[in-house]
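Worksheet: the structure to be examined is printed underneath.
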Amino acid sequence: MIAQVIVDVAAKSVDRTFDYLIPDDLKDVVQPGVRVLVPFGPRKIQGYVMQIVSDEQSDIEIHRLKPIFEVKDIQPELTEELVKLSEWYSHYFVSKRISILEVMLPSAIKAKYTKAFSAKHPEQLPEYLRLRFNQDGLYPYKAAQNQEDVATLLTLMKQGIVEEVTLLSQHTTKKKQRAVRVIHPDMGDSILMDLEKKQKQYELLAFLLDEQHRSVLLRELKDMNFSTSAINTLERNGIIEKYDVVVERDPYEGRVFEQEHKRQLTEEQQEAFDQINRAAASHQAETFLLHGVTGSGKTEVYLQIIDQVLERQQEAMMLVPEIALTPQMVQRFKSRFGDEVAVLHSGLSHGERYDEWQKIRDGRARVSVGARSSVFAPFKNLGVIIIDEEHEATYKQEDYPRYHAREIAEWRSRYHHCPLVLGSATPSLESYARATRKVYTLLSMPTRVNNQQLPEVKIRDMRDELANGNRSIFSEDLAVAIEDRLQKQEQVVLFLNRRGYASFMLCRDCGHVPQCPNCDISMTYHKTTHELKCHYCGYHEPAPFQCPSCGSEHIQQMGTGTQRVEELIQERFPSARIIRMDVDTTSKKGSHEKLLKAFGDGKGDILLGTQMIAKGLDFPNITLVGVLNADTMLNLPDFRSSERTYQLLTQVAGRAGRHEKTGEVIIQTYNPDHYAVQDVQANNYLAFYEKEMQFRQLAKYPPYFFLINFTVTHEKMKVALQAATHVHQTLLQHVTEKAFILGPAPAALSRINNEYRFQILLKYKHEPGLIDALRYLDDYYHERYEQEKLALRIDIGPYMMM
Ligand code: ADP
Ligand code: ZN
Ligand code: ZN
C-alpha cells in the first residue's frame with residue numbers, strides 16, 4: 001500500500017502529495033488524516049496522509065519509494081471529511097494545502113507532544129508486552145513502532161485492554177492529580193478477610209475494590225472522609241498505590257451555570273423552528289437565513305433546534321463572531337447542554353483548546369460554540385450548523401490562508417446533508433439577496449418576544465448643536481435623558497465608534513499631523529505613555545512638544561479617546577458610576593466578562609464602550625442607549641461603509657429596553673439625512689436593503705458582482721507598479737469582456753513598513769477561465785517572492801479594501 005502525503009514545508013514547489021510505502025506493521029494505523037514522519041531529501045519531516053492507494057492502482061515503481069519512518073497518531077487527528085475539504089478549498093481559493101491543514105488543527109498539535117498506549121488492564125496483557133510498558137503503565141507509540149508491536153496493540157485497543165493517551169510537553173501538559181488504585185484487585189477478597197478487624201482500612205479497600213475500574217482521586221477519597229492514615233497504611237503494605245492521572249481542564253470549571261429551561265415558542269419562533277427542524281430531520285443541506293430583529297428570540301430557536309439534533313444522536317456546530325464578546329451566549333449553551341458543549345476560542349491556552357478539540361473528535365462533546373476557526377471542528381455526524389450574526393466581518397480570516405467561515409460551513413452542510421442557519425437582525429446584503437432569489441430560505445421574525453416594542457430612536461444633528469453654541473460631546477437631549485435615567489436608577493449605555501476615538505496630534509499653526517516614517521499614515525497618540533504609535537508597523541516615538549515641521553509649540557492632542565470621554569461624562573454627571581470598556585480596560589483575560597458582570601449586577605450607571613459592547617448585551621435595566629458619534633464609519637473608503645454603519649447602529653440600538661421597561665435610543669450624527677442612519681431610526685431593513693442594492697448595482701459591487709482584490713507590495717515603487725501592471729495584463733488575457741478590471745492604483749494605505757502597495761480590483765460574475773489565471777499568478781509570484789521579495793496577495797471576496 002502507498003500513502004499519499006502532504007509534507008509540512010510551506011513552499012509552493014512542494015504543494016502536492018508525495019508517495020510513500022506503508023510498512024506492514026503500520027498498515028492499520030496509516031489512514032487519511034494521520035500525521036507521519038517521512039524522509040524528504042536529506043531530512044526527516046512531518047506530513048499528513050491524504051489518501052491510501054493500493055500499489056496496483058499506482059503506476060509508480062514501488063521499489064523506488066521510501067517507507068514512512070514513523071506514525072504520530074494512533075487515530076487520525078483530521079477526519080476524512082476535513083481531508084477532502086482541504087483539497088476543495090486549496091483549489092478554489094488558491095491556497096497551499098499545508099496552510100489549510102494547519103488552520104484546521106488546534107495549535108497544540110503543532111506543539112511538541114507524543115502519543116502512547118496506556119494499559120487499562122495490565123493483567124490481561126501477554127507477558128512479553130507487559131514488560132514493555134513503563135512504570136506509569138505507558139508504552140510510547142514510537143517505541144511500539146520500532147518493536148513492530150503496533151498491529152497487536154491495535155487489536156488490544158479494540159478489546160478495551162489498552163487505550164490511546166496523548167502526552168503534551170511543558171506548556172500544554174494536562175493537569176495531573178494523584179489517584180489511588182488497588183495493585184492486585186484479583187486478590188482483593190482474601191486481603192479483605194485479613195483486614196476484618198481494621199475497620200477503616202477494610203472500608204477503604206472494599207470501596208476501592210468496588211470501584212476498581214474507575215480511578216479514584218485522592219482528593220475525592222478525602223472528601224468522602226476516608227481516613228488518611230488508612231490510605232497510607234494500605235499503601236505502605238503494598239495493597240494500594242498512588243499514581244498520577246491526567247485530568248481534563250474545563251475552562252469553565254467551578255462556575256455554576258443556572259439551569260435554563262426550554263421556553264414555549266412564539267408563533268414566529270415556531271414557524272422558523274418547524275422549517276429548520278424539518279430540513280434537519282430529513283437530512284437536507286438547505287441554507288436558511290433567519291432574519292429576526294434583536295430580541296426576537298433567535299437564540300432560543302437555535303437552542304431548541306440543537307436539542308432536537310441531539311435527540312437524533314447527531315451533533316451541532318454554533319459559530320459566533322467573538323466568544324469573548326458573548327459570554328451570555330456561552331452561558332446559555334452551557335446551562336442547556338452542560339458537558340456536551342465544547343467552547344473553542346482564542347482565549348484558551350493551547351492545552352485547553354486541544355482538550356476541547358479532542359472532546360469533539362471522540363464524540364464526548366456534541367455541541368461546539370466557537371469563533372471563526374471552530375468551523376473546522378472535527379465532528380463526524382453534524383445535524384445542524386448555525387452562524388449567528390452572519391453579517392459580521394470577523395467570519396472572514398484576513399491572514400493567509402484567507403477563508404470565510406460561511407463558505408466552509410456551506411461545504412460542510414452539503415457534506416453532512418444538514419441544514420445551515422444564518423442568523424442576523426441585519427443580514428449581509430449578499431445573504432439577503434440570495435434569500436430573495438430563493439437560493440436561501442428566508443425566515444422572518446419581525447417582532448420581539450412578548451411583543452416588546454423596539455426602542456424609540458431619535459436622531460440628533462450635531463451641526464445644530466454646534467450652531468446653538470453647544471460644544472460638548474452630548475446633545476442637549478442626550479444630556480437630559482442621561483440625567484433622567486440616573487434619577488430613576490436605570491442604566492445607560494454610551495457607544496463610541498472605534499474609528500472615531502483614535503487620537504492624533506495636530507499643529508494648530510501649520511496643520512502638520514505627525515506621520516509614521518515607514519507608512520503613509522498618521523500616528524496615534526497614547527496618553528498613558530505620552531507616545532505616538534503606528535498601528536500598522538509598530539513604530540513608536542515620544543510625542544513631540546514642538547511641531548517637527550514649523551517649530552510651533554501649539555501642537556496638541558486631537559480627537560477624543562474613550563478615556564477622555566469618561567472624564568467628560570464624570571465632569572458632567574459627578575454622581576454617575578461609569579464602567580469603561582475599551583482595548584485598554586479589557587486586555588486582561590476575563591476582564592471583559594468581569595466588567596459586563598459588574599454592570600449586570602448594577603455596579604455601574606453608565607457603560608461606556610466601543611464596538612465591543614454592541615453585541616450580546618442583554619440586561620433588563622438598560623433603558624437608554626446613546627451613540628456619541630454615528631458617522632465616523634460612513635466616511636471610510638470601503639463600499640460596505642453604509643452597510644456596516646446600518647448594522648452597527650441597529651445592533652447598538654437593540655441593547656435598550658429588551659425586557660419590561662421601554663427603551664430609548666439617541667443617535668448623534670453629522671449626517672442625519674444619510675439613509676443608513678434614517679433607516680435605523682425607522683427600523684426598516686428592507687428600505688435600507690433596497691437603497692443599498694441600487695448603489696451596489698450602479699457601482700458594480702457585491703452582490704451583483706464578485707470581487708477579487710490583488711495587492712502587490714515591494715520596497716521599490718517601480719517594481720511594485722510594474723508587477724501590478726503584469727497582473728492586470730494577465731487577467732485581461734483570461735477573463736471575458738463582461739468582467740471589469742480596475743487599477744493598478746496605489747492602495748488606500750499606499751505604503752506600509754517601507755513597502756509600496758498597489759491594487760487591482762477585479763469585478764466579475766461568471767469567469768470559467770479565472771481559476772487558472774489565479775493559480776498561474778499565485779505560482780509565479782510565489783517564485784518572485786522567494787527571489788526578490790515581490791509579493792502578490794490575492795484576496796477572494798475581500799472585506800478589507802485598504
Ligand atoms: P435574539 O437572539 O433574537 O436577540 P434571544 O433568543 O436572546 O433573542 O431572546 C431575547 C430574550 O427573550 C431572552 O432573554 C430570552 O430568554 C427570551 N425569550 C426568547 N424566546 C422566548 C419565549 N418563547 N418565551 C419567553 N421568553 C423568550
Ligand atoms: Zn507646525
Ligand atoms: Zn508604520
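The chain as shown is numbered from 1 upward.
Any Cβ shown, glycine's included, is placed from N, Cα and C.
Keep in mind the model is a prediction, meaning the values are calculated, not measured.
Annotation source TrEMBL lists domain 'Helicase ATP-binding' at 279-445. Sequence annotations record features per position, and here TrEMBL assigns Zn(2+) 1 binding site to CYS507, CYS510, CYS547, CYS550. The Zn(2+) 2 binding site feature in TrEMBL is assigned to CYS516, CYS519, CYS534, CYS537. Per TrEMBL, domain 'Helicase C-terminal' is recorded for 531-699.
Recorded features from TrEMBL, shown on the structure.
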{"residue": "CYS507", "record": "Zn(2+) 1 binding site", "DSSP (3 states)": "strand"}
{"residue": "CYS516", "record": "Zn(2+) 2 binding site", "DSSP (3 states)": "coil"}
{"residue": "CYS534", "record": "Zn(2+) 2 binding site", "DSSP (3 states)": "coil"}
{"residue": "CYS547", "record": "Zn(2+) 1 binding site", "DSSP (3 states)": "coil"}
Ask   = Taking each of the binding-site residues CYS534, CYS537 in turn and counting other Cβ atoms within 10 Å of its Cβ, which one has the fewest?
value = CYS537
Request  = For the recorded Zn(2+) 2 site formed by CYS516, CYS519, CYS534, CYS537, name the remaining residues of the chain with Cβ within 8 Å of the site's Cβ center, in chain order.
outcome  = PRO517, ASN518, ILE521, MET523, HIS535, TYR536, GLY538, TYR539, ILE752, ASN753
Key: Where the C-beta lies under 6 angstroms from ligand 2, the matching binding-site residues among CYS507, CYS516, CYS519, CYS534, CYS537, CYS550   = CYS507, CYS550
Query = Fewest neighbouring Cβ atoms within 10 Å: which of the binding-site residues CYS510, CYS516, CYS547?
reply = CYS510
Ask   = Among CYS510, CYS519, CYS534, CYS537, which binding-site residues lie by ligand 3, judged by Cβ under 6 Å to any atom?
value = CYS519, CYS534, CYS537
Overall pLDDT for the domain 'Helicase ATP-binding' (279-445), taken as the rounded mean = 92
Request  = Round to a whole number and give the Cα-to-Cα distance in Å for the pair CYS519 (Zn(2+) 2 binding site) and CYS547 (Zn(2+) 1 binding site).
outcome  = 19
Request  = Run through the Cβ atoms and count how many others sit within 10 Å of the one on CYS507 (Zn(2+) 1 binding site).
outcome  = 21
Key: Sparsest-packed of the listed binding-site residues (CYS519, CYS550) - C-beta count within 10 angstroms   = CYS550
Request  = Sorry to bug you, but what's the C-alpha spacing from CYS537 (Zn(2+) 2 binding site) to CYS507 (Zn(2+) 1 binding site), rounded to the closest Å?
outcome  = 24
Query = Where the distance is taken from Cα to Cα, which of the binding-site residues CYS510, CYS547, CYS550 turns out closest to CYS516 (Zn(2+) 2 binding site)?
reply = CYS547
Whole-number Å value for how far CYS537 (Zn(2+) 2 binding site) lies from CYS547 (Zn(2+) 1 binding site) (Cα to Cα) = 23
Query = So around the Zn(2+) 1 site, CYS507, CYS510, CYS547, CYS550 aside, which residues have their CB within 8 A of the centroid of those CB atoms?
reply = ARG508, ASP509, GLY511, HIS512, PRO548, SER549, GLY551, SER552, HIS554, ILE555
